[in-house]
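Asks: From TrEMBL, for reference:
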DISULFID  Cys154-Cys175  disulfide bond
TRANSMEM  20-42  transmembrane segment
TRANSMEM  62-82  transmembrane segment
TRANSMEM  89-113  transmembrane segment
TRANSMEM  208-229  transmembrane segment
Amino acid sequence: ELKRCGMARGCLQGVKYLMFAFNLLFWLGGCGILGVGIWLAATQGNFATLSSSFPSLSAANLLIVTGTLVMAIGFVGCIGAIKENRCLLLTFFVMLLLVFLLEATVTILFFAYTDKIDRYAQRDLKKGLHLYGTPGNVGLTNAWSIIQTDFRCCGVANYTDWFEVYNATRVPDSCCLEFSESCGLHAPGTWWKAPCYQTVKMWLQENLLAVGVFGLCTALVQILGLTFAMTMYCQVVKADTYCA
């Protein structure tokens, strides 16, 4: 019985330090994500949302929420590992499992309803165009300017999307082939013709491998965390049973 207790305690110590190291890195990763989110929110208004329906859905806010969640889960895992607390280990496991299932559900729904999401996104982006240049929407204005300049595109589906915004045959200066003051008032021949939605979508498809690798790595890290948590939970139960 003593031999079993010693073996159980030895296995528990090994898993304990591995799980603590894993969750410490997990927590530090969350700190980094949160820091980047706060920095973007404080200094980079051009990373604001383009959506009129979800004005808070900006890159900065997403990073802040993600970083906070990762830090919270990592913290629970660290304390659970150090204290060898079954309740905290189970809490960590359940929290991480819920996040994993949520990500899997969102991914499946995204691919299942791609066409509907496309149509909704384009309608929402067109509504957002009407906020361009208005007070309190500096972030959205900067975001559209950067996208149109960097991707050499104009409007959501066509440069004529801007005609409804201005009630005139004109576009923002960021649509111009050669930027100059009030160049958006010139003839259509001086503007980018490519639609921004399709251009950005094609760019994402071209970089789909990188996105897929990132998603796969994220899933593997979460599965590793779940494995560590359940393994340690079982070892704690064994050690408590044999050493009681």
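Backbone N, Cα and C define each Cβ position, glycine as well.
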Asks: Write out the long-range same-chain contacts of Cys175 (disulfide bond), meaning residues 6 or more apart in sequence whose Cβ is under 8 Å from its Cβ.
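Replies: Long-range Cβ contacts: Gln148, Cys154, Gly155, Tyr159, Trp162, Gly184, Trp191, Trp192.
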Asks: Cys154 (disulfide bond) has how many other Cβ neighbours within 10 Å of its own Cβ?
Replies: 28
Asks: So what's near the transmembrane segment (62-82) in sequence-distant terms, Cβ-Cβ under 8 Å and 6+ beyond its ends?
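Replies: Same-chain contacts beyond the ends: 16-17, 19-20, 22-24, 26-38, 40-41, 88-89, 91-92, 95-96, 99, 225, 229, 232.
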